[in-house]
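A short worksheet on the structure shown next.
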């Protein structure tokens, strides 16, 4: 008989496990986003080429590691997967510090490859937890919590950098920013080690999670193959490639058009705007009064489509008014300039759609199966699908070409 007197704060509460993975997202990709959105190379415009190269390596490896992360998760479980995953982010931030200090390219390239391996495991596990551990009525909210933690980490990192860089006269990022970020990221392994295997988790009503049996490598690969050939997954391929499309353009505009302290402020605003809109979308997707899960998904898709279309139109008009040429230095727009007021509104509207779209795709993907092993494989495919567009930054494209 189910135990209905379970405490909320307990390690084997699936919701607490979601908070643990959310804490890892806060400390790791959150601070990674903060450094990236400062401008290429952590705030030094001359580092654009280095950042493009390391990010190209990162996302190239990320593509394959994310697809392989499903079998890894099925083999070793969430604790081992996340404990490995969180080691990549402090290594990467350390590489940015190293490049700022010495200007050598080998370490950022190595760190990009290593982070690519780690990030695939982290994001696949997070998506799997949101779709597998949550009840049907909570899936949108759980993913919103994860994404809010991610962008909150980026916002905190941006606040730290903003305080240091507001009156900075040099382009480089101070050593204190790198040290602070690395310490926070390294400490997140504690959250990973507190995770439990799914068979030990008990919901608030006393029921257990679906059976999660260990698999052989062969079985795990067959599960991934089955997910790849599912016609519903094939129909979602375009959406799997789309979530990160905004990011190269946003980071490139930030690095090219604004000065250091304004880039730092933009990084903060970029993440703050995502918190309310992501939570709002999660609540819409989980509001049963709006209809069936399918109806709610279509409502979310409609909201997202209107938002994205409007944001791209506004961004295109703004870019056409400036006629940017990346072969010459940018205008270094400052927060006190008149040109900044309109630019920041468009920047925030454009940024807000990032979290909305990501979470909506995860929600739709979660509706395809509740079977833990298949969900792990599908999550890996989604995370892998996000990666190919990031290396486009290394091409000598105009900002309009990104649009």
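Backbone N, Cα and C define each Cβ position, glycine as well.
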Match it up for me: which of 178-196, 197-215 does TrEMBL list as transmembrane segment?
178-196
TrEMBL annotation of transmembrane segment - which of the ranges 127-146, 147-166 it falls on
147-166
Which range, 268-285, 376-393, does TrEMBL list as transmembrane segment?
268-285
Is the number of Cβ-Cβ pairs under 8 Å between the transmembrane segment (82-99) and the transmembrane segment (297-319) three or more, considering only pairs separated by 6 or more positions?
no
Among 15-37, 57-75, 178-196, the most Cβ pairs under 8 Å with the transmembrane segment (233-256) come from 15-37
Contact ranking winner - 15-37, 57-75, 105-126, 178-196, 297-319 against the transmembrane segment (268-285), Cβ under 8 Å:
297-319
Cβ contacts the transmembrane segment (147-166)/the transmembrane segment (57-75), at least three under 8 Å, sequence gap 6 or more:
no
Please check if the transmembrane segment (178-196) comes into contact with the transmembrane segment (15-37), where contact means 3 or more CB pairs closer than 8 Å and the residues in each pair are separated by 6 or more positions.
yes
